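J.: What follows is a structure written as structure tokens; I'll ask about it next.
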Amino acid sequence: MTTSNRILLGVNIDHVATLRQARGTRYPDPVKAALDAEEAGADGITVHLREDRRHIQERDVLLLKDVLQTRMNFEMGVTEEMMVFAERIRPAHICLVPETRQELTTEGGLDVAGQEARIKAAVERLSKIGSEVSLFIDADERQIQASRRVGAPAIELHTGRYADATTPTEVADELQRIIDGVNCGLNEGLIVNAGHGLHYHNVEAVAAIKGINELNIGHALVAHALFVGFKGAVAEMKALILAAAKH
Ligand SMILES: CC(=O)[C@@H](O)[C@H](O)COP(=O)(O)O
Ligand SMILES: NCC(=O)COP(=O)(O)O
């Protein structure tokens, strides 16, 4: 069980691609954003190749595979098309996420407990290509224990409900749920990551949870980058989470 204060920042560049796709242009290029993020201290780059290709495209993933100095965390739905693509690019990390076409964003965690055989088969298949597989789940004991049973070495706890909480009580309850989830994951022997909806104003409490390995953050970074530049946005976030993790 790791209880060190070291915490990693995974920079999700999906929404750089969102801006590009909005006009069908060649810019802004998420590959450039990834390289800038690495220079500014990102420990890894996260991309979600959605089934509907609303932001990241295959071209982005293929280029990133060649140019990243850090490592790619490839988020994907559990579909045969994505399995085949992942086998082709062999990313260092793969995060299995739930996906529906109509959703605005990833609304909840993967139901691992409800489909253990299917997820176990996917984890086994993707582990064979040398990728570390994590499961994007809610901070729920049932899902965490199922994640361990299907053989995933890592989980990423969905922090969306915490990020969306409005009242102090709600925020405290959601934060406690994440803390309990982290402890449960560590007790199960899992690497515990977290992400979704994290922002400069809400990230410190999550970064301060002992034992979290990595935070994946995207939308807030891209939004802030409009005003301070991508490198500045990443460097600011990295400084914030490192300082919070030290306390
Ligand atoms: C799984 C997840 O949380 C990320 O992929 C992130 O949310 C990307 O943004 P969209 O959900 O808006 O595609
Ligand atoms: N898995 C979460 C992620 O990569 C980033 O989510 P968000 O910060 O864009 O909400």
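A Cβ is built for glycine as well, from the same backbone N, Cα and C atoms used for every other residue.
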J.: Taking ASN12, ASN183 as the options, which does TrEMBL list with ARG23, GLY197, GLY218, HIS219 at the 3-amino-2-oxopropyl phosphate site?
T.: ASN12
J.: In terms of DSSP three-state secondary structure, what is the assignment for ARG50 (1-deoxy-D-xylulose 5-phosphate binding site)?
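T.: Reduced to three states, the DSSP call for ARG50 (1-deoxy-D-xylulose 5-phosphate binding site) is coil.
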J.: From the centroid of the CB atoms of ASP14, HIS15, ARG50, HIS55, THR105, the recorded 1-deoxy-D-xylulose 5-phosphate site, which same-chain residues not already listed sit within 8 A by their CB, in sequence order?
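T.: Output for this site, in sequence order: ASN12, ALA17, THR18, HIS48, ARG54, ILE56, GLY218, HIS219.
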J.: For HIS48 (active site, proton acceptor), which of the binding-site residues ASP14, HIS15, GLY218 has the nearest Cα in space?
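T.: It is ASP14, whose Cα lies nearest.
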J.: Could you measure the widest C-alpha to C-alpha distance across ASN12, ARG23, GLY197, GLY218, HIS219, the residues recorded as binding 3-amino-2-oxopropyl phosphate, and give it to a whole number of angstrom?
T.: 25
J.: Do you know which of the recorded positions ARG23, THR105, GLU156, GLY197 end up with C-beta under 6 Å from ligand 1?
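T.: Checked recorded positions vs ligand 1; flagged THR105.
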J.: To the nearest whole angstrom, state the Cα distance for the pair GLY218 (3-amino-2-oxopropyl phosphate binding site) and ASP14 (1-deoxy-D-xylulose 5-phosphate binding site).
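T.: Given the Cα positions, GLY218 (3-amino-2-oxopropyl phosphate binding site) is 7 Å from ASP14 (1-deoxy-D-xylulose 5-phosphate binding site).
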